[in-house]
Amino acid sequence: MIILGFESSCDETGVAAVCTERGLLAHALHTQIAMHQEYGGVVPELASRDHIRRVVPLTRQVLAEAGLTLADVGAVAYTAGPGLAGALLVGASVAQALAWSRALPAIGIHHLEGHLLSPLLAEPRPEFPFVALLVSGGHTQLMLVDGVGRYELLGETLDDAAGEAFDKSAKLMGLGYPGGPALARLAEQGDASRYDLPRPMLHSGDLDFSFSGLKTAVLTRVKAATRDGGELGEQDRADLAAATQAAIVEVLAAKAIRALKQTGLRRLVVAGGVGANALLRAHLARALKPLRAEAYFPPLSLCTDNGAMIAFAAAERVKAGLADLREGDHAFTVRPRWDLADIQAG
């Protein structure tokens, strides 16, 4: 079965075609970074309008690249939440309209499930069960993944997500949008040892996270440097960026390793936008060697929000018998706030 998937939860419009037997056939993505840069963050109304402009051309592109027509599509999938309500409605509306016009089933997918399963798109493919570290601008969670639809929350952030800590710290340093990648680039030129920043909850013994204290520490350093009309010098900024990144990465890696030890597993999947961070990848590769454990990452192109992970998650649900393939009445809802535990397979 060929599934056409749509992602529109925030500021990326993604469309992809996935075959349940052959895997990913084609995917296309448009990011709105340039549009939101002048505002320093995502403007929900602008995001929704841009999704409307992009989704049909991207759909045509994917079908052409895969050598498909709509007659070849057996089901459609879309991100049903969590995310921005207006943005979610664009992808859901297009998917449901297409499903209605072709008498196809429409499968609503949890955005985080898409991220959790995205490393399975790459080779080598991790076998179940595994521990998943989900790190993005909006979420930081450790999950035990026993199979498709079988997820147990092991720990999560109690305040800011890791990606949010990157972005907010970058903003305090006067870096551009999006802040996380800008901070990571600048950190390459810095000396992390110049600033002693806290590692919140590093030794808490549990698997939860907290990054608000780190953000406050960065603010304190910036205020100290800019007191009495001073400014944060370029090298100081690079050093502070390096120290901030090192603190976040150390906490993420330590908690992930603790999760592996507590579960007795030796497979760690890292997903979400922060999973593209080069220091995190290198740090985990070193830290996992003594455990004889393996880390699995999605391709860099699939770390950000994308349609491939949505279509693929739908395909995995179909193969696991967890998707309702009956043609429905195509009434639908989106869920801007949606707990991953609500989609358990039982």
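Here the Cβ of each residue, glycine as well, is placed from N, Cα and C on the backbone.
Positions annotated as Fe cation binding site by Swiss-Prot: His111, His115, Asp305. The feature substrate binding site is assigned by Swiss-Prot to Leu134, Val135, Ser136, Gly137, Gly138, Asp167, Gly180, Asn277.
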Check: In whole Å, how far is His111 (Fe cation binding site) from Asn277 (substrate binding site) when you measure between their Cα atoms?
Finding: 20
Notebook entry, point to check: Of the binding-site residues His111, His115, Asp305, which one sits closest to Leu134 (substrate binding site) when you measure Cα to Cα?
Noted result: His115
Next item on the list: Indicate the candidate from Gly137, Gly138, Gly180 with the smallest number of other Cβ atoms within 10 Å of its Cβ, considering only these binding-site residues.
Entry: Gly138
Check: Which entry in the list of binding-site residues, His111, His115, has its Cβ near the fewest other Cβ atoms, using 10 Å as the limit?
Finding: His111
Item checked: Fe cation site, defined by His111, His115, Asp305: further same-chain residues with Cβ within 8 Å of the Cβ centre -> Glu7, Ser9, Thr79, Leu112, Gly114, Ser136, Gly272, Asn306, Met309, Ile310
Check: Given the binding-site residues Leu134, Val135, which one's Cβ is surrounded by the fewest other Cβ atoms within 10 Å?
Finding: Leu134
Next item on the list: State the Cα to Cα distance, in Å, between Val135 (substrate binding site) and His111 (Fe cation binding site), rounded to an integer.
Entry: 13
Item checked: Intrachain C-beta neighbours of Asp305 (Fe cation binding site), sequence separation six or more, cut-off 8 angstroms -> Glu7, Ser9, Cys10, Asp11, Glu12, Gly14, His111, Gly273
